[in-house]
Amino acid sequence: MSGTLVLVRHGQSDWNLKNLFTGWKDPDLTELGIQEANAGGAALAEYGIKFDVAYTSALVRAQHTLKLILDKVGQPDLQTIRDQALNERDYGDLSGLNKDDARAKWGEEQVHVWRRSYDVPPPGGESLRDTGARVWPYYLTEILPRVLHGEKVLVAAHGNSLRSLVMVLDKLTKEGVLALNLATGVPMVYKLHADSTVASKEVLGDMSGAH
């Protein structure tokens, strides 16, 4: 068995609360989001893991989540690598719009297709497949080698960037990943074999509140 990979979706952001398409826009966490990140950190502290390195996106809501988690596990000065390859899916022309307003403008069915299809992007934005096309190569070249070296690696990122990873790690179909929702602030602990396949997966919290 090789190293450990922990994935955490950022806590609730201001725009999650306001029901806005966020994407690459950069709101911070709400009070609830801070609580969620702290809860995830407390779960990891209780689990007893100490990390060798952390990765996060170029967006403040993921970076803030990571900082809160690292404080909880007693590693505030851990090496942290930030890269936009781990950013949320880019919603293009939908970014900043209220989801109800978007449905009024383009129709509920069209917005549903943009949100929930695998390979149909919104205007000027990315599909889930597009998101995976930047996340997965970054994982393979930057993150996975450290896990396979036996390190314990923490990744704090976003719903869709993490779904892109989980799709491959959990061997989900396109239909399976579209049905997958990740709760905010809930760590997923993967232990990997030396051949990079998953040896075990443990969820430290409740995924039933995912959205």
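The chain as shown is numbered from 1 upward.
Just so you know, glycine gets a Cβ as well, placed from its N, Cα and C.
According to Swiss-Prot, the protein carries these features:
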type	residues	note
ACT_SITE	His10	active site, tele-phosphohistidine intermediate
ACT_SITE	Glu88	active site, proton donor/acceptor
BINDING	9-16, 22-23, Arg61, 88-91, Lys99, 115-116, 159-160	substrate binding site
SITE	His158	site 'Transition state stabilizer'
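Here the features listed in Swiss-Prot are painted onto the structure.
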{"residue": "Arg9", "record": "substrate binding site", "CB count, 10 Å": "30"}
{"residue": "His10", "record": "active site, tele-phosphohistidine intermediate", "CB count, 10 Å": "31"}
{"residue": "Gln12", "record": "substrate binding site", "CB count, 10 Å": "22"}
{"residue": "Trp15", "record": "substrate binding site", "CB count, 10 Å": "20"}
{"residue": "Gly23", "record": "substrate binding site", "CB count, 10 Å": "22"}
{"residue": "Glu88", "record": "active site, proton donor/acceptor", "CB count, 10 Å": "28"}
{"residue": "Arg89", "record": "substrate binding site", "CB count, 10 Å": "27"}
{"residue": "Lys99", "record": "substrate binding site", "CB count, 10 Å": "14"}
{"residue": "His158", "record": "site 'Transition state stabilizer'", "CB count, 10 Å": "27"}
{"residue": "Gly159", "record": "substrate binding site", "CB count, 10 Å": "21"}
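In terms of Cα distance, the recorded positions that sit within 10 Å of His158 (site 'Transition state stabilizer') are Arg9, His10, Glu88, Arg89, chosen from Arg9, His10, Glu88, Arg89, Lys99. Distance between Cα atoms for Glu88 (active site, proton donor/acceptor) and Gln12 (substrate binding site): 13 Å, as a whole number. Counting only the Cα atoms, the space from Gly23 (substrate binding site) to the residue listed as 'active site, tele-phosphohistidine intermediate' is about 13 angstrom. The distance from the Cα of Gly159 (substrate binding site) to the Cα of the residue listed as 'active site, tele-phosphohistidine intermediate' comes to 8 Å. For the residue listed as 'active site, tele-phosphohistidine intermediate' paired with Arg89 (substrate binding site), the C-alpha to C-alpha distance reads 14 Å.
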